[in-house]
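In what follows, a structure is listed as structure tokens, so that the remarks can point back to it.
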Amino acid sequence: MALSSGSKKQTLFISSLIVLWYSSNIGVLLLNKYLLSNYGFKFPIFLTMCHMSACALLSYISIVILKIVPLQMINSRKQFFKISTLSVVFCCSVVGGNISLRYLPVSFNQAVGATTPFFTAFFAYLMTFKREAWVTYAALVPVVTGVVIASGGEPSFHLYGFIMCISATAARAFKSVLQGVLLSSEGEKLNSMNLMLYMSPIAVLVLLPATILMEPNMSDTIFLLGRKHKFMWLLLLVNSVMAYAANLSNFLVTKHTSALTLQVLGNAKGAVAVVISILLFRNPVTFIGIAGYSLTVIGVIVYGETKRRFK
């Protein structure tokens, strides 16, 4: 009976983590879109800096004060340089994604983002000469084909937004491969929470001058928006906390479930985000666009399955 009770508690705990993971990931995506497209908040670099500031502060509280995970120290300048490189690439991917949300609907943004496995396989081959089975590479064909079809059937297609979105997706994949290459030795490996603890402050230092140079009218416009919309600062705060919650819940779900479960949940999460965004923002969709996105998701699922089987 005690075992049954413990099992129920574990199931409830994991279910709560998955709900937190879904709500924080989808919530930050939808709030980003709302702020950048519907709210007049046209500063994606500053928004990213807010996210990174929240991640830096909350990572410190979680690791150093609450001790959710043990603190891992940086052991050398070489390791610090590697983490700094990862941080810059990570910045590029997040900023690119946020810029794309100004011009593209969330549904199309998610369709393009689903091609991450294609870019991961591409960079893994270029940087590590790691080859997968031919069946695994064949599974990537519908992933890319689906996005091409979705692009042709997207009523709100915007070329600059598409370029930013595809660049952000490529940068995200590049960062994951680069992380495996740079932090490969046992003495340099960091768990995702400690990596975020060190990457976030570096990201803020990179984004601050970028914000000043590339978004010069940001402060005046934001204060005007703050006066006009009394909940803007609250939205910005919630959005930034959600960005950290997404990283924290991703770490915890990875820790307490299997890689396969995470993959299945991730694929479903993209589909849920698309449905919610269409209901909220009422962006027009076409049969061709839906068919293209569906083909991409099917390709991602098949790719994950073939990679697992032919590992």
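Using N, Cα and C of the backbone, Cβ positions are placed for all residues, glycine too.
The transmembrane segment feature in TrEMBL is assigned to 12-31 (among others).
What TrEMBL records for 14-303 is domain 'Sugar phosphate transporter'. In this model, the domain 'Sugar phosphate transporter' (14-303) carries an average pLDDT of 90.
If one looks beyond the transmembrane segment (43-68) by at least 6 residues along the same chain, the residues whose Cβ comes under 8 Å of a Cβ in the stretch are 28, 32, 35-36, 91, 94-95, 98-99, 101-102, 193-194, 196-197, 200-201, 203-204, 207-208, 210-211, 214-215, 218, 221-222, 236, 239-241, 243-244, 247-248. Per TrEMBL, the feature transmembrane segment maps to 43-68 (among others).
Sequence annotations record features per position, and here TrEMBL assigns transmembrane segment to 80-101 (among others).
Under the heading transmembrane segment, TrEMBL lists 107-127 (among others).
Among the features that TrEMBL reports, transmembrane segment is placed at 134-151 (among others). Counting same-chain residues at least six beyond the ends of the transmembrane segment (134-151), those with a Cβ under 8 angstroms from any Cβ of the stretch are 108, 111-112, 114-115, 117-118, 121, 157, 162, 288-289, 291-300, 302-303, 305-307, 310.
Annotation source TrEMBL lists transmembrane segment at 157-174 (among others).
Tertiary proximity for the transmembrane segment (195-213) is limited to same-chain residues at least six positions away from its ends with a CB under 8 Å from its CB atoms, namely 43, 45-46, 48-49, 52-53, 55-56, 59-60, 63, 71, 74, 80, 83-84, 86-88, 90-91, 95, 179, 183, 247. The transmembrane segment annotation in TrEMBL covers 195-213 (among others).
Annotation source TrEMBL lists transmembrane segment at 233-253 (among others). Within its own chain, the transmembrane segment (233-253) is flanked in space by residues 14, 17-18, 20-21, 24-25, 27-28, 31-32, 34-35, 39, 47, 50-51, 53-55, 58-59, 62, 69, 191-193, 196, 226, 262, 265, which lie at least six positions past its ends and keep a Cβ under 8 Å from the stretch.
Summarising the annotation, TrEMBL assigns transmembrane segment to 260-281 (among others).
Non-local neighbours of the transmembrane segment (287-304) in the same chain are 107-108, 110-111, 114-115, 117, 136, 139-155, 260, 263-264, 267, 270-271, 274; each lies 6+ residues outside the stretch with a CB under 8 Å from one of its CB atoms. According to TrEMBL, the transmembrane segment annotation covers 287-304 (among others).
Where the transmembrane segment (80-101) meets the stretches 12-31, 107-127, 157-174, 260-281, the count of C-beta pairs under 8 angstroms peaks at 157-174. Across 107-127, 157-174, 260-281, the stretch most heavily in contact with the transmembrane segment (12-31), judged by Cβ pairs under 8 Å, is 260-281. If you look at the transmembrane segment (157-174) against the transmembrane segment (107-127), you find at least three C-beta pairs under 8 angstroms, all six or more positions apart, and that counts as contact.
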